[in-house]
Amino acid sequence: MIWVAVVITMLLFILVAKPTGIYLEKAFQGSKKLDKVFGPFEKLIFKITGVKEYNQTWKQYALSLVLLNGFMIVVVYFIFRLQGVLPLNPAHIEGMEPTLAFNTAISFMADTNLQHYSGENGLSYLSQLIGITFLMFAAPATTLALVMAFIRGLAGKELGNFFIDFTRALTRVFLPIAFMAALVFVAFGVPQTLDGAVTAQTIDGAKQSILRGPVASFVAIKELGNNGGGFFGANSTHPFENPGQMSNILQMMLMMLLPTALPFTYGRMVGNKKQGRILFVSLFMVFLLGFITITTSELNGNPALNGMGIEHVQGSTEGKEVRFGTVFSSLYATVTTAAETGAVNTMHDTLTPIGGLVPLVNMMLNTVYGGVGAGFVNIIMYAIIAVFISGLMVGRTPEFLGKKIEGKEMKLIAVTILFHPLLILGFSALALSTSLGTDAISHSGFHGLTQVVYEYTSSAANNGSGFEGLGDNTPFWNITTGLVMFLGRYFSLITMLAVAASLKEKTVVPETVGTFRTDNSLFGGIFIGTIVIVGALTFFPMLVLGPIAEFLTLK
């Protein structure tokens, strides 16, 4: 029965992807019906904020994005620092320590939601609502706006205006869908209140303080925006965030909704729907491979316990919630790292070595399907690399969407693809070379190495999940992961926007018999191969020293 539920969940991922992709294309390309509904409200916002409707260059678009995001980081930083003297603080929580406030503000603006604090004890209701929830809307709206400009550039059209795209992302996508999802979560038993904690009497007569808050609205945008940060420190393992299997499936659907829809949006906007389908199917195959790998490993259980003759028919249940089970915990772990959300319904630090390898690889590749917007930018980056390699092998100038891929584009892409592993491996080496980093490791040996690399991989990929055995709430970890999150977020977005702007200016080359098509199964295979080979070449040595070595040791 559990496998039937898994298949149904997978089918739901597939069934909602195309309709959502069509809606996104209409939402950002000026559908008359949507303009009638949302247009008056949006024009009022533009009038109040002084936004003028004009097309920006890629530099203007990128500058607008960085300045607005930077302003939000500063505002929210001071909210965290001053929350102790601000209203909506029934628990009288003190202001955040400076480096933790720095890390948290960047974390949520970068759509990472890495949490070096426990949500219910570290933030007031004001900080949760005005600081955290506000950024949970603003961060994915930023990247969804940018990916629309990116696709327009690939299609040879004007990039548009960042502030208009940002507003449309909020009014037409995130606010309405999150509102409806929050109502469903309330129906499933997720609390939504501004009242303080409830004191309850336990069976043995002791008193217990039960924390609550505006959880349903928080969880809705947490999953829809691929944010991932928990209202509670236990994240989606907490019964108030994720009461049962229905809420669990809805959370996974929300995580996958926009990342899986964007290939279809892309296909419609560039005038090649088949290419969008090829990208979707290719990535879904990689996703399935990851799910099968982690599930098989978790169901086989801990090799060390197997060697002792201990039977555990449910697989490795350490760190998992009984109400979700091993299979759905594995699916959730695959979804949350494939969609770069970072929410967890099981503790990733307790996964088997090969089970923990799958989330790690998903974040290292950062393309299957990746987070809202940012992931799709990486997908096209790998697609262009696949085209470039194919062109070199047959001695032709590579072409993508009828545009020649030349030195300028490949230099930008080369720098971008190297920057991600440089952040991960460089900062991991720094942490391992100083006691400021190694003192936080709770496990010696191979697992300890994986803890460190996982933290920086999660930060660079803007995922936010962690091997929570790491004691990361220290100035060293707060500052270094904050820098990795900021650089990992904005560097690739800006460089790939420059690539799209460069391609926009090029004339379309007429298609000939020798043109390498990017809308067939051959390209899909080369595309998958490029992702796997580039990822393996870059990160394989670390994976051998970490989870693979741990697995062989346990065997």
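Going from the start of the chain as shown, residues are counted 1 onward.
Even glycines carry a Cβ here, placed using N, Cα and C.
If you look up Swiss-Prot, you'll see 2-22 (among others) marked as transmembrane segment. Only residues 6 or more beyond the boundaries of the transmembrane segment (2-22), in the same chain, are considered here, and those with a CB under 8 A from a CB of the stretch are 245, 249, 252-253, 256-258, 260-265, 267-268, 276, 280, 284, 325, 327-328, 331.
Taken from Swiss-Prot, the feature transmembrane segment covers 60-80 (among others), and the record attributes it to sequence analysis.
Here Swiss-Prot flags 130-150 (among others) as transmembrane segment, drawing on sequence analysis. Taking Cβ pairs closer than 8 Å, the transmembrane segment (130-150) reaches residues 24, 28, 58, 61, 65, 68-69, 72, 76, 79-80, 83, 105, 108-111, 113, 123, 159-160, 162, 165-166, 168-170, 173-175, 178, 214, 217-218, 221-222, 224-227, 229, 258, 262, 371-374, 376-377, 380, 493, 496-497, 500 in its own chain, all 6 or more past its ends.
Annotation comment: Swiss-Prot describes 173-193 (among others) as transmembrane segment.
What Swiss-Prot lists as transmembrane segment is 246-266 (among others). Within the same chain, residues 5, 9, 12-14, 16-18, 20-25, 140, 144, 147, 151, 154, 173, 177, 181, 184-185, 188-190, 219-220, 223-224, 226, 236, 273, 275-277, 279-280, 283-284, 324, 328, 331-332, 335-336, 338-341, 343, 345, 369-373, 375-376, 379-380 sit at least 6 positions outside the transmembrane segment (246-266) and bring their C-beta atoms closer than 8 Å to a C-beta of that stretch.
Residues or ranges marked as transmembrane segment in Swiss-Prot (evidence: sequence analysis): 278-298 (among others).
For 374-394 (among others), the entry in Swiss-Prot reads transmembrane segment, with the evidence type sequence analysis. Nonlocal intrachain contacts for the transmembrane segment (374-394), taken as residues 6+ away from its ends with a CB within less than 8 angstroms of a stretch CB, comprise 111, 143, 146-147, 150, 154, 259, 262-263, 266, 279, 283, 339-340, 366-367, 400, 405, 409-410, 413, 416-417, 462, 489, 492-493, 496, 499, 514, 516, 518, 523, 526-527, 529-531, 534.
Among residues of the same chain six or more beyond the transmembrane segment (412-432), those with a C-beta under 8 A of the stretch's C-beta atoms are 364, 366, 381, 384-385, 438, 449, 452-453, 456-457, 459-461, 476-477, 480-481, 483-484, 487-488, 491-492, 495-496, 498-499, 502, 534, 538-539, 542. Residues or ranges marked as transmembrane segment by Swiss-Prot on the basis of sequence analysis: 412-432 (among others).
Long-range Cβ contacts of the transmembrane segment (483-503) within its own chain (Cβ-Cβ under 8 Å, at least 6 residues beyond either end) map to 57-58, 61-62, 65-66, 69, 103, 106-107, 110-112, 114, 143, 146, 149-154, 156, 159, 374, 377-378, 380-381, 384, 400-401, 403, 408-409, 412-413, 415-416, 419-420, 423-424, 427, 456, 459-462. What Swiss-Prot lists as transmembrane segment is 483-503 (among others), and the listing cites sequence analysis.
Taken from Swiss-Prot, the feature transmembrane segment applies to 525-545 (among others).
Recorded stretches compared: 60-80, 173-193, 525-545; the one with the most Cβ pairs under 8 Å to the transmembrane segment (278-298) is 525-545.
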